[in-house]
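These come from TrEMBL:
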TRANSMEM  20-41  transmembrane segment
TRANSMEM  53-72  transmembrane segment
TRANSMEM  92-116  transmembrane segment
TRANSMEM  123-141  transmembrane segment
TRANSMEM  185-203  transmembrane segment
TRANSMEM  210-228  transmembrane segment
TRANSMEM  240-262  transmembrane segment
REGION    283-323  region 'Disordered'
Amino acid sequence: MSLPLSIPSPEWSYFDLGPFRIHAYAICILIGIFLATALTSRRLTKRGGEPGVVLDIILWAVPLGIVGARIFHVLTHPNDYFYDGANLLDVFAVWKGGIAIFGALLGGAVGAYIGCRRAGIRFWSFADALAPGMLLAQAMGRLGNWFNHELFGLPTTLPWGLEISPDNPAYPVGLPAGTLFHPTFLYEIVWNLVGVAVILILERKFRLRWGSAFGVYLIWYGAGRSVFESIRVDPSEIFFGLRTNVWAALFAIVIGLVIILVQSRRHTGIELSPYLPGREWKPADAEVESGETDSERGDPGDEAAEPVESRDVDATSTTDSRP
């Protein structure tokens, strides 16, 4: 019998549209990608980026992020895919669930770096613009886990426990029907949405730049994930008493701290442009209004001859070649 505040699992996880089967999990992922792209584009454009340049980067980051997410999940859950009689094609069945955010971060970072180099955007400028959007996308991804009836936590007597059918393959053996479980998907959704607000507030107060906002993202997400992961009941490889993703979350915290410390020492100046030196974008109307030619402005080589390092407090971001 359901308690008044208990959370029911959805009665459907997909619907058929003609010959196509549309999975709710996939819809959630796509909505998350859209929201993250829209927010990142707005943030990067406000910082001087060309409108639409984020799409050029996303076209590299998203595919490699999905590949990395799937590879990481499969490698950390080998017993789910490699056993006698297993269908190896299930390794590619992403629509059934099973992508890991830490793998997405690794694969997506490679894709974003490639996209940034091609677009002339500093990698860390893009990462900072992306930081709150990542948490927004991950919140939508966790909603997809709810539709898939997966990744729930330990049994609980709390009134907001999650209802799981005993027929669910992930239902713990020996527990009576009607047992409620921690809705870890909901905990993480709330944590991620609060994280969006935290990053935006810290940016206003401390002007986080040069990768610091992304560092805060890694610390925030890693801290929450290390807790939520610890109460999940789905199978996982265990190393030194901790689940694989707990180790990954702790590693994310360390990486976030390193990024903030290293980048704050390397770059003490104001980040005036998200572009690499020599790759700056100038609006067409600004060029028309100026009516100046290169010869009228002088030889740009004279200005670039002595680059100003961003270690100088008064340094501009457009003269530092580091990402």
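The backbone N, Cα and C atoms fix where each Cβ goes, and this holds for glycine too.
Outside the transmembrane segment (240-262), and at least 6 residues removed from its termini, the chain residues within Cβ reach (under 8 Å) are 76, 100, 102, 105, 211-212, 214-219, 221-223, 225-226, 229-230, 232. The transmembrane segment (123-141) shares the most Cβ pairs under 8 Å with 210-228, out of the stretches 92-116, 185-203, 210-228. Listed by sequence, the residues of this chain that lie at least six past the ends of the transmembrane segment (53-72) yet keep a Cβ under 8 A from its Cβ atoms are 33, 37, 40-41, 44-45, 91-92, 94, 98-112, 114-116, 118-119, 121, 126, 129, 281. Long-range Cβ contacts of the transmembrane segment (185-203) within its own chain (Cβ-Cβ under 8 Å, at least 6 residues beyond either end) map to 7, 131-132, 135-136, 138-139, 142-143, 145-146, 151-153, 160, 162, 213, 216-217, 220-221, 224-225, 228.
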